[in-house]
Structures are given as structure tokens and as C-alpha cells.
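Summarising the annotation, TrEMBL assigns domain 'Phosphoribosyltransferase' to 17-164.
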Ligand code: XMP
Ligand code: MG
């Protein structure tokens, strides 16, 4: 796999750090306006959303609480099945809270639609979704997403929280991997 520089494994950059930062500024302004005077709980979905949560919440001008959830999608290989197991649940009680789920990427939408239904069953005042990336061509279920960073082509991407075999999460941009990295 990677030897030496992280950048060596990248085929092309899809979204630069500057593009990501500019879009985060816009989304944060929208969220700060929409949730003014509301009691917001930001729910980050581990592990991919760590970068988005960190960078997005630091741009908000409203106070928020943060909590984290880790889920794993049952299924063969890398395909999401929509059958989800909670690996780490929230600490927070959702009753009466305005929940903003923050995701790195929505692919088929199966994991997220399960997650939103699960969170809605816990008595929150509202549940909305913010995602940095979305692959519209991969959608298998319709998920109502309030804030989208970028719609991207249906290809595998890494960086800015997204991994291949737990690597590349720390790339400060989003890119595609050279085919040889997949062990071809
Ligand atoms: P769904 O249920 O929407 O699953 O199909 C979304 C999850 O799939 C992973 N995923 C990716 N991870 N690069 C990645 O590193 C990608 O291009 C990609 N597409 C989907 C990711 O874990 C996401 O939460
Ligand atoms: Mg994820």
C-alpha cells in the first residue's frame, strides 16, 4: 500500500481543501441561521464524519452539544445491506432535542435511512441530516437531506475522513485512489 507520501497514492483530487472549506463556510452559515434559538444536538457518525463534525461545528455561531454514534452495516463485503448494528450508541437522551446527524458520505442511503428511523423513535423534536458528500447515482432509497456539501460521481473516494482499509482518512482533501493501490 502506501509508502512514503500519502499523496503518491492519489489518482486525482476531486475536492480541494479550499473547496471544502468554502462549502463548510456556507453550510455553517445556513445551520447557524436555521437553528438560532434551538437546542441542537450534533450527532456525528463514526468514524468518517469526524473531520466534518470538527470543521463544521467550529464554524457555527450557535451553541451546540455533540454526541457520537458508530454503526455497522451487515452485508457481504463492501455493499451496504440496510441491516444495521449499533456499535456505539449515543450518550444523550433525544427527548425534545433538535438532532442534526452529520455524515461524511451518503452512498446507497440504506445505512442513513435506518439510522434516521432509529433516532426518530427516541422522541426528538426534529431530526435533520447534513452530509459532506452524496453520490446521487448510487441512491437506493430516498433520504431527505437538509444540507449537502457536494454531489459527486459514483466512484470510490478517500480523504477528509473517508478511508480505504482505514488509511487516507487524514488526507485534507477528497480524491480517488490509483488502481494499483487496490492491490490490482
Ligand atoms: P450507504 O448505506 O449510504 O453507506 O451505502 C454509506 C457508507 O458507505 C461508505 N462509503 C464510502 N467510503 N469512500 C469511502 O471511503 C466512498 O466512496 C464511499 N462510499 C460509501 C461510508 O462508510 C459511508 O458511511
Ligand atoms: Mg460513514
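Every residue number used here counts from 1 along the chain in the order it is shown.
Heads up, the Cβ atoms here are built off N, Cα and C, so glycines get one too.
Residues in the domain 'Phosphoribosyltransferase' (17-164) partition by DSSP class (helix H, G, I; strand E, B; coil) as 40 helix, 51 strand, 57 coil. For the domain 'Phosphoribosyltransferase' (17-164), the mean pLDDT of the prediction comes to 94.
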